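Here's what TrEMBL has on this protein:
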type     : residues     : note
DISULFID : Cys15-Cys140 : disulfide bond
DISULFID : Cys54-Cys60  : disulfide bond
DOMAIN   : 18-160       : domain 'Peptidoglycan recognition protein family'
DOMAIN   : 30-170       : domain 'N-acetylmuramoyl-L-alanine amidase'
Amino acid sequence: MGFSLIVGGTSDRICDNIHVISRDDWGARSPTTRSGLSDPVNMFLVHHTATDTCDDVSSCSSILRGIQNYHINNKEWSDIGYSFLIGGDGQVYEGRGWGVVGAHTYNYNRRGYAVSFIGNFETTLPSTRARNAARALIQCGVDKGHINEDYTLHGHRDADRRVHPTVCPGQRLYDEISTWPHFDSNVPR
């Protein structure tokens, strides 16, 4: 298959049917530090931002800047916590990206990548475009060696239930991802 992933206005032949909005294009701040993540990882985790939803690059970018500012200024993290985020427009937004340790899931940041759907998905589902983009992103990660072929897929709540109980990624989204390939509600310790 011919894959192309658009990052920072350039085409890097690595993913098909995914247009990634680069950090520069959504107006991200530079991280204060970055740590490399050893690929391939065995886990992929799904979150939601519990914010408003967005349906275009402008509104999604505004929400992402707010999340990043909160993560840096209030949480005192080095950057936005997630590897990638997905808007209702079906666009994938670069968070920390591939090969970088995230700050998304307590005790699992060095063991997996995480995507966060922009919005609150307790009672509604993300758009079909957004769900399709997430599945395509996971497949891209597998195809390019960032994620093991036998990875497990988890909701944020599965990993943090013992230490920091959460409803993330929202009940409706959690019910949806539980039907996806590789889903497992039991995370390895």
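Glycine too: its Cβ is placed from the backbone N, Cα and C atoms.
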Cys54 (disulfide bond) and Cys140 (disulfide bond), distance between Cα atoms, whole Å | 24
Separation of alpha carbons, Cys60 (disulfide bond) and Cys15 (disulfide bond) (Å) = 21
Would you mind checking how many other C-beta atoms are within 10 angstroms of the C-beta on Cys60 (disulfide bond)?
-> 24
Cys140 (disulfide bond), Cβ-centred 10 Å count of other Cβ atoms over all protein chains shown, is 21
By DSSP assignment, list the helix, strand and coil residue numbers for the domain 'Peptidoglycan recognition protein family' (18-160), in that order.
-> 43 helix, 35 strand, 65 coil
